[in-house]
Amino acid sequence: MADAETFAFQAEINQLLSLIINTFYSNKEIFLRELISNSSDALDKIRFESLTDKSKLDGQPELFIHIIPDKTNNTLTIIDSGIGMTKADLVNNLGTIARSGTKEFMEALAAGADVSMIGQFGVGFYSAYLVADKVVVTTKHNDDEQYVWESQAGGSFTVTRDTSGETLGRGTKMVLYLKEDQLEYLEERRLKDLVKKHSEFISYPISLWIEKTIEKEISDDEEEEEKKDEEGKVEEVDEEKEKEEKKKKKIKEVSHEWDLVNKQKPIWMRKPEEINKEEYAAFYKSLSNDWEEHLAVKHFSVEGQLEFKAILFVPKRAPFDLFDTKKKPNNIKLYVRRVFIMDNCEDIIPEYLGFVKGIVDSEDLPLNISRETLQQNKILKVIRKNLVKKCLELFFEIAENKEDYNKFYEAFSKNLKLGIHEDSQNRTKIAELLRYHSTKSGDELTSLKDYVTRMKEGQNDIFYITGESKKAVENSPFLEKLKKKGIEVLYMVDAIDEYAIGQLKEFEGKKLVSATKEGLKLDETEDEKKKKEELKEKFEGLCKVIKDVLGDKVEKVIVSDRVVDSPCCLVTGEYGWTANMERIMKAQALRDSSMAGYMSSKKTMEINPENSIMDELRKRADADKNDKSVKDLVLLLFETALLTSGFSLDEPNTFGSRIHRMLKLGLSIDDDDAVEADAEMPPLEDDADAEGSKMEEVD
C-alpha cells in the first residue's frame, strides 16, 4: 500500500466521537439505518448524473447496496455502487470539516435528545462508532483513484491510496470492526429485521450475504467412491442386489448467496387504503431520519392532463434549522416515473411550507430534467399549486383535533404567518388557521373565526395589539377603554405577526384594527360625545403646554377616549410602524436606516382628562404656564408613556436621574450637590415642602 497520510479530526467532530464512544446508548441499532441512508444518497447522486451522461455508470453499471456479515473476523461490511468519494471528499467529509449540525447535535444530546436524531444533523456516518471500534472506508469516485480511510476514532484518521488491487469500479465499501459486545449485528435475522424496520423503502436493492445449509441425501457408495478409486479395487456384484443393499445417508452442504431484503414496491404506488399506520411511520422515518413518528400524513394522486402521486408528512417538531436561509430545502424528494431526480428542488414547494416532508413522483416530467430547466417548467408549477392545496387541507384535518393542532401550531405557527406574508393567493385560507390569545380567551388560543362569532353587537372591526409578550401587552393602557366596553382584543406577540398583519388587512369583511394606532373609533352615545367635547375644551390649554415642552418629540397632543386609568399614552400613525415594529427593526443588524426615517411615524400623545395627575397638571399649567415643575412632570410623563406604550427610551440615564430627583423630593431629601442646569431637564424649585406635596399628587 502507498504511504498513509494522517489527519486530525476537527475539534467538534472529535468531541462528537468521544460522546458517541463513551456514552451508553440503548438504541445503537440506528447506525445501520444511517449508513444505508448515506449509501442511498450516494446512489441518488450517481443516478442523477447518469441521466445526462450514461458513461458515468461504466465503472459499475448496477446500482445496489450489499451487506456482508463476517463472523470469522467479527466485521460488518456495507458496500454501495454510489457516486463514491474523491480523496478531498474523504478528508473533508469524514473528519476535517465540521458540518453545521455537529455542534447543534451535541447540544441536543446534552439537552436529552435521542442519539437516533444524528441523521437530521448531517453527521450520520459517525454513528458507526456506536457499534465499532475501528472503521475502514474504501471508496472510488469516477474522477479519482481508489482511496482507503481508516480510523479508530482516537483523534486522528489516515487516508491511503489503495494499491491492494481489489477494485470497486465505483462506490464505497465500509468495514466495521465490531466491538465484542455488539456481535448481534452479525446475525442474519437481526440484520434483516433492522433493514425491514428502518430501510424498507430505500429505492435501491439491499442484499444481504447469507449462509444457506442444504441437507442432501447421498448413498454410501457415492461417499466412498473416491476411496475405492484410490484403492483401485473392483468388485463385481449382482446389480439388483447392489441396488437393494445400497444405503442412503444425509449430509449438510453449506453455500452462500445474496438475499434481497427490501422487496416492497414503492409505498406511494400502492393504494392508501392498503397501507397501515405502521408502514407510513416506517416510510416517514426512512425518508426524514426522524426518530419520532409523524403528526399527520396526506397520500394522494392527481390524474387527468397531469399525473403524479405524492405523500406528504407533517413532523411533530420543528427541525433545529427551520429558518436557516443558507440551507437548501431538501424535504420533498422528486421522482420521475419511480426514478429519483433530486431532493433540493426549491420550486416544488414554497418556503413557508419547508417543514413538510414527503415525495412526489411525476409521470410527465422528463427524466433528464435539470435544476435550471425545472424552474421554467409549467408542469412543476401545477405540481406546486396542488401540493400547497393539499398541505392546507392536511392542516385543516389536523385542526379537527385540538390537542394535535396545539402541538402543530406551537411548532409551525411562524410558517403559517410567513405564508400570510408571502402567499397572497391562499392568504384568506391560511388566516383561518391562525390562533391567538386574547383578552377573553384565558390560557386557550382562539381563531379569527371564533373571535368574529363573539363580536359585540355593533362592533365592525377586529381589534388587536402587538407587543413583545403576552405579559407585556395584557395590562397595556391601550386596552383600558376596549376592556371597559367589553370588546375582545387579540394579543399578537410574535415578531412575525407584525409582518403578517401588514398583509392581512381584513378577515371575513371585518377590518383588522390596531389598538395602538391613532384613529381608533368606538361607538359613542350622544352624552359621551358631548362630555368629550367639553373635556377637549377644558384641557386645550394643557395640550398646548405639553406640545410646547415636548416640541418635535410628538406630532400633536390630544384628549383621549382610549385610556381609562393611565394618565396618558403614545399612539402611532395609522400607516406607520407600531412601537413593537420599531423595536423589531431596531434589533435588526442589517436594517435599512433610511427606511426608519419615514416608517417610524410621529407619535401622538393622548392624555386622559379623567386622571387625577392630568387634572392637577392642568390646574398648575392654567395657574402658571412657566411653572418649572410642570415641564419636569411633562417630560417624566412622556418618558413613562414611552415605556408603557411599548417604545424604548433614547436617554435612559436622563429618565433615571429624573426619577431619582422625584424620589428625593418625595422623601424630603436636600440635594446639596451642585447640579448643572439642563435645558432639557431644568432643576426643580427649592421649596422642598411644597414640592413634597406635589410629589404626592404625582404618586
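Every residue gets a Cβ built from N, Cα and C, even glycine.
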Requested in this report: Quick one: sort out which of 350-354, 560-564, 695-699 is the motif 'TPR repeat-binding' according to Swiss-Prot.
Outcome: 695-699
Query - Swiss-Prot annotation of region 'Disordered' - which of the ranges 76-101, 284-309, 674-699 it falls on - result: 674-699
Report summary line: Cβ contacts within 10 Å for Thr172 (ATP binding site), all chains included, total 24
Report summary line: Among the binding-site residues Asn93, Ser100, Gln120, the one whose Cβ has the most other Cβ atoms within 10 Å is Gln120
Requested in this report: Tell me the Cβ neighbour count for Glu34 (ATP binding site), meaning other Cβ atoms within 10 Å of its Cβ, over all protein chains shown.
Outcome: 22
Query raised in the report: What kind of secondary structure is Thr172 (ATP binding site) part of, going by DSSP in three states?
Result: strand
Query - Largest tally of Cβ atoms lying within 10 Å of a Cβ, found at which of the binding-site residues Gly122, Gly124 - result: Gly124
